[in-house]
There are 2 protein chains.
Amino acid sequence: MTRRLTSWIDSANTADTDFPLNNLPCGAFSTDDGPARCGVAIGDRILDVATLEETGALAFGGALQTGNWTRFMGLGPAAWDALRSTLTTALGEGGDTALAAHLVPQAAARMHLPFRVSEFTDFYASRHHATNVGTMFRGAENALPPNWLHIPIGYNGRASSVVVSGTDIIRPHGQLKGPNDDAPRFGPSQRFDIELELGAIVGQPSNRPISVAEADANIFGYVLLNDWSARDIQAWEYQPLGPFQAKATATSISPWIVTAAALQPFRTSTPERAVPLLDYLAEPGPMLYDIHLAVGLTPQNGTETIIARTNYSEMYYSSAQQLAHHTTSGCPMRVGDLLGSGTISGPDRDNRGSLLELSWGGKEPLTLPDGTTRSFIEDGDTLTLYGHAQAPDHRIGFGSCTGRILPARS
Amino acid sequence: MTRRLTSWIDSANTADTDFPLNNLPCGAFSTDDGPARCGVAIGDRILDVATLEETGALAFGGALQTGNWTRFMGLGPAAWDALRSTLTTALGEGGDTALAAHLVPQAAARMHLPFRVSEFTDFYASRHHATNVGTMFRGAENALPPNWLHIPIGYNGRASSVVVSGTDIIRPHGQLKGPNDDAPRFGPSQRFDIELELGAIVGQPSNRPISVAEADANIFGYVLLNDWSARDIQAWEYQPLGPFQAKATATSISPWIVTAAALQPFRTSTPERAVPLLDYLAEPGPMLYDIHLAVGLTPQNGTETIIARTNYSEMYYSSAQQLAHHTTSGCPMRVGDLLGSGTISGPDRDNRGSLLELSWGGKEPLTLPDGTTRSFIEDGDTLTLYGHAQAPDHRIGFGSCTGRILPARS
């Protein structure tokens, strides 16, 4: 396991910062209502790399002048490595302290979507999650669909609904029909939920089937991802063509893209296979990462309770396998495609990455410290995802991915 | 029913041209390997409206200089009406014959995607199609899913896979598992198919739930759409989250956007409702169009056979209803969103808009005039969609939407 790299920026040298010199995640920030600018997090600061390119200290053909990281990602791995290497030296001990002029306090910055989301695909690839949901929806004997152990099951989501952490989420309306209702009605979702996921960001295009190794190399980095889900809308609409409006209200992502390069020391393997996978899904090495994940729930005017803890290593399929599968049909992939891992649940009750699972479909509500209970999200609740990879003396953190639920439109 | 408007361009004045002065569809063309330019079809010519804007004869703030119609659509209905009105006068009898200098023969032009596809949604909204497919997949007693008469069922497709008519389509690979196979295998699809659809193009954005009337007003125009579908991949992958790689190889669209304005005289109503629809789906007037549709199949080195004829008026839900439903959750819609109607089938066998239905899942293959049979598409086959609305003395045509199937990658 790697050691913490020391920076001349003190706040980057603590054991509990999400953003030590080893991390260097990419985001888009603004100050004083100015336009979004490319920045890199370091300790409690943001290095304004857009200005550094303007001054000639960095040279990526203007890619850092676009207000987000899409064009930079399109430059490819050599550029990704060059930026990381340059910043590691410049921000390290003995580096270029004149860069202090280009550091902005994170507390003074507003964060924006770090890339243009080309298309959004969501997967269903945590075995505990699929088993839990399948048991509730189809019974224990039909919990895992017959294809699940063979295919990284995915569906296309809605890119226009992806928002950056901190954006308020309006409770959706939709068609609702309970099992005992004669007919559907139209109204606000009563079973609005989170999905704790990691999002992989495609940084290089492809227009033919690619291998798992190629797919892994095309992933620029990862974000926390909360795929807000209306379970009551979903239950009525999802047969036979899958979720649609239940998943189209919003998907929140964390503002900092943690690069695959920063996560490299935390590689871990997918689990032993229950049945052999087809050759095109074979992994050239460990393709998951050991990333601790947690979900916090904060009632309006209340304090936060951590309601779930799990780990990205619980996935049955890696993002690289998902991306490789995504290309099998010849489907063109583009820079900025976002691949949701699928809800990540572990084996125990408090490892579950959705309220649907945590409350077992509402049958076993959670009790919060203030004495109130939750089966699903209440208006005014704030839900926050956290994630970090842990080394002995530092962590590679994602920051947080948060959203507050506002009442449905009247 | 309207009369044919007479143009000073003779080829626009025949009863069988797809592009009389009443039509004026919008496309993107190039000649001699130049860049794509905005053009409007008239008879057998294309009016180069990009050049007209350069010369000052048209003024849309440079929107026609972008090589496609996305920015122009974003200008909104007043601009749409202004362009149509200006061109109707200029190309009409007594109009501006000096524009002849800006006419390009369609035969000399290469066509491109007429707009940037933001996202692609595909619906499942023809009752005959849903009944046919449901009967084959789930049995006659479960043919229509319980939600089908209440919801315009849709799923998100893959915008990156949308191609313009004329693009060759490579037969996809995928996971395949027949009902009697022990395990899936990976190989070329053996049941590759068409879906005869109309595509509606969203020309104005929205970020809240909108009414059917608002949705109708936001639709700029329509194209023919062939959602190539691998039935064997679909059968194995689609439960529980819907089609994914089965529909991601390609979706072909015709190069000319026929505007809603041009189709206005051909309005027709959706059918009587089997059960009442919820209020948010109520239509303010006739929302469908009477558009004749046909599918031609041309074997390699062979001649074309029309294998199906149907009509867009067979839809149970209109594009306006589909778009309104799409916004119920708060899902943001953007200029350039493409909404596939879903496969359009009529009541009779030769009205079916897919080979899956025409051959009844391969059990009743079609026999072509050359004596060969087809259950699904063979390598080298060219499939072509045709569409037009018929007035007594003219037609509003879509041109064609064609694609040839190449063998799977080796």
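The chain as shown is numbered from 1 upward.
Any Cβ shown, glycine's included, is placed from N, Cα and C.
Here the structure is a predicted model, which means the values were calculated and not measured.
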Hey, TrEMBL has Ca(2+) bound by B:E195, B:E197, B:D227. Any idea which of B:D96, B:D122, B:D337 it lists too? B:D122
For the recorded positions B:Y124, B:H129, B:E195, B:Y238, B:T251, which residues show a Cβ-Cβ distance under 8 Å to chain A? B:Y124, B:Y238
Cα nearest B:E197 (Ca(2+) binding site) among binding-site residues (B:Y238, B:K247, B:T251) -> B:T251
With B:E195 (Ca(2+) binding site) as reference and a Cα-Cα limit of 10 Å, the qualifying binding-site residues from B:R138, B:Q234, B:Y238 are none
Quick one: Cα separation, B:K247 (Mg(2+) binding site) versus B:D227 (Ca(2+) binding site), in Å? 7
Cα proximity to B:T251 (Mg(2+) binding site), best match among recorded positions B:H129, B:D227, B:Y238: B:D227
So what pLDDT does the domain 'Fumarylacetoacetase-like C-terminal' (B:120-404) average out to? 97
Secondary structure tally of the domain 'Fumarylacetoacetase N-terminal' (B:22-114) (DSSP, helix then strand then coil): 38 helix, 22 strand, 33 coil
Cα proximity to B:R138 (substrate binding site), best match among recorded positions B:D122, B:H129, B:D227: B:H129
